[in-house]
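Per TrEMBL, the features are:
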- N39, L41, G66, E88, D114, N144: S-adenosyl-L-methionine binding site (BINDING)
- 46-237: domain 'Ribosomal RNA adenine methylase transferase N-terminal' (DOMAIN)
- 335-354: region 'Disordered' (REGION)
Amino acid sequence: FCLMAAPGKVAAFRLPPLPTIGEIIKLFRLKALKQLSQNFLLDLRLTDKIVKQAGELKNAHVCEVGPGPGGITRSILSAGVEQLLLIEKDARFIPGLQMLSEAAPGKVRIVHGDILTYKMEKAFPKHLKKNWEDEPPDIHIIGNLPFSVSTPLIIKWLENVSKRDGPFIYGRTQMTLTFQKEVGERLTANPGSNQRSRLSIMAQHLCTVENCFVIPGQAFVPKPEVDVAVVHLTPLVQPKIQQPFELVEKLVQSVFQFRRKYCFRGIETLFPEKGRLKRTEQLMMTADVDPTLRPFQLSMSQFRNLCNVYRKMCDEDPSLFVFNYREELRQKRKTRSLLGSTGQPEQTEEENQL
């Protein structure tokens, strides 16, 4: 590698001449696997644009998730990072990434592993830690995520944000990630939008979420059936709903179970059959939420009120939080079948939806 600098300026890092990403794919006979929902991004102008959304990366520490053949990896290295941690599950990509590592001595660390189980708590030097109230640390997570892993991964990371552990043990670590366009729209959807969902509430109550730009599907190899959104997330100093992650997730998930019905229908599933109606009314009245609103019409402050009141109800009756509506339905079906109630329909509409 060569370090070139004008007099009085900090030397800029330049990668030496390397095979193109297309040539790397041919050289190592790499093929995107449909079952892993892999899609390669070969246009370095687009990978540069993704990396630019992360902000200033000069001397930063970066974790790239699923680098594949290394397109985004090159753009990250060209941004002048201090250290780059690559986490790649697919062993076929490791030789090509090692080639990049050799071209940037001392800068790249490759981990052959699964990001869903990798322990991020020890991924970066301790001296980078910042207090939660401070500016975000000089640590970034960047990734062109396979569609199959993107939603479970962002939910896992949002839980880490809530608990300030995992990659957020260092402070408010920023994330720049790709999602299916529809998922990107859900992450940023406002009240009243048809895309408003559980993901909208869980992401926006914990992070500032910015839908940066959309990459057309034809830019990827092989071309996916959908376009791809680049989303930037920065954890908030104070979450908008100050309740445990599991409680918020349970309530939000319940509300959106019947997204086309009035919101009280989903709220009902938080309570056992005995006293269900009374408790649902109590929750909605105390939280001052109109029961005839649809789930996607509820504002963040209305979700906050619902969570706060539900928390009080759970504190008064701890059995409430462990109540499982689906399990109650299963038991009812089991009882029906034991009694041989053949005259009744096998499943209600709600049971089918669930």
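For all residues, glycine too, the Cβ spot is worked out from N, Cα and C.
Neighbour counts of Cβ atoms within 10 Å were compared for the binding-site residues E88, D114, and the top value is held by E88. Ranking the binding-site residues N39, N144 by other CB atoms within 10 A of the CB puts N39 at the bottom. The local packing around G66 (S-adenosyl-L-methionine binding site), expressed as other Cβ atoms within 10 Å of its Cβ over all shown chains, amounts to 23. If you take the C-beta of L41 (S-adenosyl-L-methionine binding site) and look for same-chain residues 6 or more apart in sequence within under 8 angstroms, you find T47, I50, G71, I72, N144, I215, A219, F220, V221. Max Cα-Cα distance over the annotated S-adenosyl-L-methionine binders (N39, L41, G66, E88, D114, N144) is 21 Å.
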